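Look at TrEMBL and you will find B:20, B:27, B:156 tagged as xanthine binding site. Per TrEMBL, 5-phospho-alpha-D-ribose 1-diphosphate binding site is recorded for B:128, B:129, B:130, B:131, B:132. Residues or ranges marked as domain 'Phosphoribosyltransferase' by TrEMBL: B:43-157.
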C-alpha cells in the first residue's frame, strides 16, 4: 500500500540490523487516517470471506483492527498479553515465544467470544518470525473457529513468519513487505496489497 | 450518551460491589461503531479547544481515542504500561497506584511526542479513583503540555476520581455516569455528555 510504504520511508527509523521503529505513526503515536486506510484495505481484500470477527493482540494491532472490523461490520477482539499462564477454563490461551526477549508469554481470549461458527480475520502490525500470529491462530483453533487469513501492516520478509503461516495454510496479506534493513536503509519487496 | 448507557444496561455485567464488566463491547471484544460514536462525541465537545494531541493508555482506551483523534484531525498517543521504572531521559514517566491490585506500575510516553506547544485531550475507558488519569496528566505536565480535558466512557461516580481531577482543574466529560452498582444492578446518574 503506497500510503504505508511512503510513510515508512519518511518516518520509519532503522535501529541496527533488523529493527524498524515506526513509533511515529503506528506503535506509540498513531496516525488515525493511515490506520483507517489500512483497515479498509484489509476489509476490501477479505470482504467476500464471510468474516465474523477480527482478532488482534494488544496494543499496536488495535487501531488497524478496529477500522478493519468496522469496515467489515463485525466486532473486534484484542487478545490479552499476560506474564504467566493462568489456568482458567473460561480462557483460550497460547504461549508465544519472543526471540528478541528470549522469554515466553501467554496470550488469551475469553472463550465466550470465539466459537466454531466464527470465521476470523487476524490483524497485526508486524510479521517477523510469526510467533505472535501462530499464537493467535492457536487461540482460534482451540475455539474451533476458522482463520480466513491474516492482515499485516509491515512484514519483515527477511524473517520466517510468512513461511510459517503459509505452512499452516493461512493466507497472508501484508501492506508493506520489507526485503532488508541493511545499513540504516529500508528496502521494500514488491507490494503485496 | 444514550447509545452507551443502553449498551451498558444490555451487555454490562455487575460482578460484586463496584465491579462492572464491559468486555463484550469495550475492554476485550470491541464494538467499532459504538467506539466511533464515543470518539466523535468527545471531538464535538472539545472541537473549539485547540487540541493538538489525543492521549490515552493501553489497551482499552485506544479504540475510542483513535476515533476521537481522527474526528479532531490530530495524532493519538497511547501511553505504555510497564512493570518497573526504567530510567531513560527519552521517556516521560509516571507512577500509577492501583487500589484494586495494590501495586504501583509505571506508565510512559516518549518525550519527543509531547511538548509545551501541545494542548492535550485525554481519553480513557473508566474513571474510578482517577489514578491512571492523574498519571497521564503528570506525563503531560512533565512535557509542559496543557491538558484541555479528559473524556471518559464510564465514570464510577461513587468513587473519587472526578473530584481528584476537578481539584487539578481538569474538566471531566463522562459519557456514562454510574451512581451505584448495588445488588447486581447498574444505576446511572444524570448523563453528562
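Cβ atoms are placed via backbone N, Cα and C, with glycine included.
Locations of recorded TrEMBL features on the structure.
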residue	record	contacts (Cβ under 8 Å, 6+ apart)
B:20	xanthine binding site	B:8, B:12, B:13, B:14, B:154, B:156, B:178, B:181, B:186
B:27	xanthine binding site	B:21, B:60, B:125
B:128	5-phospho-alpha-D-ribose 1-diphosphate binding site	B:99, B:156, B:159, B:161
B:129	5-phospho-alpha-D-ribose 1-diphosphate binding site	B:99, B:159, B:160, B:161, B:164
B:130	5-phospho-alpha-D-ribose 1-diphosphate binding site	B:159, B:160, B:161, B:162, B:163, B:164, B:165
B:131	5-phospho-alpha-D-ribose 1-diphosphate binding site	B:96, B:97, B:98, B:99, B:161
B:132	5-phospho-alpha-D-ribose 1-diphosphate binding site	B:57, B:96, B:107, B:124
Query raised in the report: Does DSSP put residue B:132 (5-phospho-alpha-D-ribose 1-diphosphate binding site) in a helix, in a strand, or in coil?
Result: helix
Query raised in the report: Tell me, how many other CB atoms lie within 10 A of the CB of residue B:156 (xanthine binding site), whichever protein chain they belong to?
Result: 23
Report summary line: Secondary structure of the domain 'Phosphoribosyltransferase' (B:43-157) by DSSP, residue by residue, totals 30 helix, 48 strand, 37 coil
